[in-house]
Amino acid sequence: MKPSIHSLVHQTMQEWVLEQGEKKFRADQIWEWLYRKRVQSFEEMTNLSKDLIAKLNDQFVVNPLKQRIVQESADGTVKYLFELPDGMLIETVLMRQHYGLSVCVTTQVGCNIGCTFCASGLIKKQRDLNNGEIVAQIMLVQKYFDERGQDERISHIVVMGIGEPFDNYNNVLNFFRTINDDKGMAIGARHITVSTSGLAHKIRDFADEGVQVNLAVSLHAPNNELRSSIMKINRAFPIEKLFAAIEYYIETTNRRVTFEYIMLNEVNDGVEQALELTELLKNIKKLSYVNLIPYNPVSEHDQYSRSPKECVLAFYDTLKKKGVNCVVRQEHGTDIDAACGQLRSNTMKRDRQKAVAAVNP
């Protein structure tokens, strides 16, 4: 199985070109064809020699993904189901925001974090995506607009799809390098956000990288007992260890951290929990931001339901009165398989049902 050309960061592409006996500037030409002109085949790279095109075709593919399903919401959200070369399925979501087009990418096939409210973890991690498979999600979403003649360009990226990004650390970092490259897609680092469920040691590593990418932490509970009951990762990285890493990140980078907090009815949405959260954030209040997330129900996790609006507002008001910066996240795609992992999970169910029906007509 040939790798995608998108797996090469700019420097690696320069090295590959030199290994082929070509001049270094050829790498810049290939890069421009891929990320500025966004071609779908090497044959479209008309300023390259036939010999170099043949070498590219022999060693790489341009697009490693196959589009299986596209769902468009009334609010402009678009959800994509892509098939990988090995037949595995992943999801990508485009969201229209007031500040531009934002794409949520997946970094792993399945997830081992095991959050008890999440559709992504219904299927355990099968493998990491390589850099090229993550980049290709962005390129195919952009192609969706290019083909329609819509003069719109992806401006923001959130790494919050299926999987734990910091469990696929090096591929995710190379993804950042590729899409941030000023000769390519040139998406600013401050327009990119990566979300972790709390791998404390990787948060420290990320602080030391010196990149300008934004950090979000999936917190979802203000104390260890509650967090461990809904997020098993808290047993390995309890709140004390997690917040020591977060404080190190803030001291090292002087950058704000966003805390994701999903609102689960009668689980973590009480004023008591809001007060606990303000206490937890008191030392980093100036550089923290809480994102309150309305819950998208998942049939396999029917023990949970969405917090009533009045509970969300009471929680929000409590944080605000204590000086915590917070917002209630705007919902997207509520009329399609909205929750992360739902489209993939539902498609896999239907595929299994078809297979069983074929065996037992």
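Just so it is clear, glycine is given a Cβ too, placed from its N, Cα and C backbone atoms.
What Swiss-Prot says about this one:
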type	residues	note
ACT_SITE	GLU91	active site, proton acceptor
ACT_SITE	CYS340	active site, S-methylcysteine intermediate
BINDING	CYS111, CYS115, CYS118	[4Fe-4S] cluster binding site
BINDING	GLY163, GLU164, SER195, SER218, LEU219, HIS220, ASN296	S-adenosyl-L-methionine binding site
DISULFID	CYS104-CYS340	disulfide bond
DOMAIN	97-329	domain 'Radical SAM core'
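Sequence features annotated in Swiss-Prot and their locations in the structure.
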residue : record                               : DSSP class
CYS104  : disulfide bond                       : strand
CYS111  : [4Fe-4S] cluster binding site        : coil
CYS118  : [4Fe-4S] cluster binding site        : coil
GLY163  : S-adenosyl-L-methionine binding site : coil
SER195  : S-adenosyl-L-methionine binding site : strand
SER218  : S-adenosyl-L-methionine binding site : strand
ASN296  : S-adenosyl-L-methionine binding site : coil
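The average pLDDT computed for the domain 'Radical SAM core' (97-329) is 95.
Counting every protein chain shown, the Cβ of LEU219 (S-adenosyl-L-methionine binding site) has 27 other Cβ atoms within 10 Å. Of all Cα pairs drawn from GLY163, GLU164, SER195, SER218, LEU219, HIS220, ASN296, which the record names as binding S-adenosyl-L-methionine, the longest spans 19 Å. Between HIS220 (S-adenosyl-L-methionine binding site) and CYS115 ([4Fe-4S] cluster binding site), the C-alpha separation comes to 10 Å. Considering only the recorded positions CYS104, CYS111, CYS115, CYS118, GLY163 (S-adenosyl-L-methionine binding site) has CYS111 as its nearest partner by CA-CA distance.
Checking each of the recorded positions (GLU91, CYS104, CYS111, CYS115, CYS118) against ASN296 (S-adenosyl-L-methionine binding site), the C-alpha distance stays within 10 Å for CYS118. Listed in sequence order, CYS115, SER195, THR196, SER197, GLY198, MET231, GLU260 are the same-chain residues six or more apart from SER218 (S-adenosyl-L-methionine binding site) with CB atoms under 8 A from its CB.
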